[in-house]
Amino acid sequence: MPVKFGKVLIPQPRSKFVKIRCPDCGNEQVTFSHAAMVVRCLVCGRVLAQPTGGKAKFAGHIVKILE
C-alpha cells in the first residue's frame, strides 16, 4: 500500500505587508496590515492607517498585498 501524505499542519501568519496609495498626494507607501501605531503619509502627513486592536483601518487605496 502506498503511503498517503496528508496536509502539512504549519500555521501561516494572517498579517501581511500592504502597499497603500495616499488619496491626497498619490504617494505609495508600504505598511503592516496589523499596525499598532498611526501610519502617516511621508509626503503630506495624512493618516493612512488607524489601529483598531487587530487589523488596521486603512484610509488610502490598497495597491498591492506583499507576500
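For all residues, glycine too, the Cβ spot is worked out from N, Cα and C.
Bear in mind that the values here come from a model prediction, so they are computed numbers and not experimental data.
The zinc finger annotation in Swiss-Prot covers 22-44 and is backed by sequence analysis. Beyond the ends of the zinc finger (22-44), by six or more residues, the same chain brings 15-16, 50-51, 54-56, 59-61, 63, 65-66 to within a C-beta distance below 8 angstroms of the stretch.
As annotated by Swiss-Prot, Zn(2+) binding site applies to C22, C25, C41, C44. Taking the Cβ of C44 (Zn(2+) binding site) as reference, residues of its chain lying under 8 Å away and at least six apart in sequence are, in sequence order, C22, D24, C25, N27. C44 (Zn(2+) binding site) carries neither a helix nor a strand DSSP state and counts as coil.
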Checklist line | Proximal but sequence-remote residues of the same chain as C41 (Zn(2+) binding site) (Cβ under 8 Å, at least 6 apart) | finding: C22, D24, C25, N27, Q29, L48, G60
Notebook entry, point to check: Counting other Cβ atoms within 10 Å of each Cβ, which of the binding-site residues C22, C25 scores lowest?
Noted result: C25
Next item on the list: Report the residues of the chain - excluding C22, C25, C41, C44 - with C-beta within 8 Å of the mean position of the site's C-beta atoms, for the recorded Zn(2+) site, in sequence order.
Entry: P23, D24, G26, N27, L42, V43, G45, R46, L48
